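**Q** The following block contains the structure, expressed as structure tokens.
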Amino acid sequence: MPAFAANAVIWGSSFIFIKIGVRELHPTWVAAGRIVIGALTLLALLLIAGQRLPGDRRLWGHMLLPGVVGVALPFTLFAYGEERVDSLVAGIWNATTALWVLPFAVLVYRTEKFTARSAGGLLIGFAGVLMVLGFWHDTGASSLAGQLMCGAAAACYGVSIPYLKRFVTGRDFGGVRPSGVSLAFAQTTVAALASVLAALLVSGMPPAVTALSWPVIGSVVALGVFGSGIAFALNMRVIAAAGASMAAFVTYLVPVVATLLGILVLGESLHWNQPVGALIVLLGVAVAQGALSRRRPAS
């Protein structure tokens, strides 16, 4: 579907923008800046479409977890992580999102069923995680910390995506079923408040815009408009139409885009264990979701 493909490209390219952003900005302000711009972008989309702003208290209450755990926290963790690892490594770690979605969807939210196939897929996937980490040699404390931060960010998505499917998408609030853009606006607004507060507490006031280079400014704006604005609206549509696992399925393509851009744009190097581990992770995701066992109907 078009929304699925667009998200793969947008989120795959986000990692080089994060890498550029943290050159001059504290990680908390890279996250806060993109989220605030994303919320404003979604507000503009709502107004252009003539849609109502979300006003139901239950909806806003349900957006606390997706906003904080599904947006503010992972965006901050990825920014911190990319101070220590290459953007393509962060993109590869993003591929583990689907591995985190399944256990939370099955064990916590009860939105999907757990089978022997999905258990096998998880084991394969986490073997791939160990391969990406390069557990057999010393990668250095800084690199290891960065990779763990990126892995934790992916786990945050695993908590948030099935929560949205279980409690938010496809449901009526105050007698009205909110649109994908409306839901995304509520989620990013909560995230914006949380991330700005966290940034102020951790790093103080941000530098003046005039003190930043154009590449950094452009990167944060691109992250906000596309990665935290348009892509979030598209993601809500995917979750509502195809479910939490399909929304996480976009991670098949994100590491490919992130790796290509990291090498071509930033000149990053790729170690053999990283793409091999990523392929094992994606194989695990495919097994867990039954993608390899699906057969086309006879014609």
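A Cβ is built for glycine as well, from the same backbone N, Cα and C atoms used for every other residue.
Because TrEMBL annotations are produced automatically, they should be read as predictions rather than curated entries.
Taken from TrEMBL, the feature domain 'EamA' covers 5-133, 146-287. Under the heading transmembrane segment, TrEMBL lists 29-48, 60-81, 87-107, 119-137, 143-164, 184-205, 211-234, 246-266, 272-292.
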**Q** Counting each residue once, how many in the domain 'EamA' (5-133) are helix, strand and coil under DSSP?
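**A** Helix, strand and coil residues of the domain 'EamA' (5-133) number 102 helix, 0 strand, 27 coil.
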**Q** Would you mind listing the long-range same-chain contacts of the transmembrane segment (29-48), meaning Cβ under 8 Å and 6+ residues beyond its ends?
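**A** Result: 18, 21-22, 71-72, 75-76, 78-79, 181-182, 184-185, 188-189, 191-192, 195-196, 198-199, 203, 206, 220-221, 223-225, 227-230, 232-233.
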**Q** For the domain 'EamA' (146-287), give the DSSP counts of helix residues, strand residues and coil residues.
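**A** Summed over the domain 'EamA' (146-287), the classes give 115 helix, 2 strand, 25 coil.
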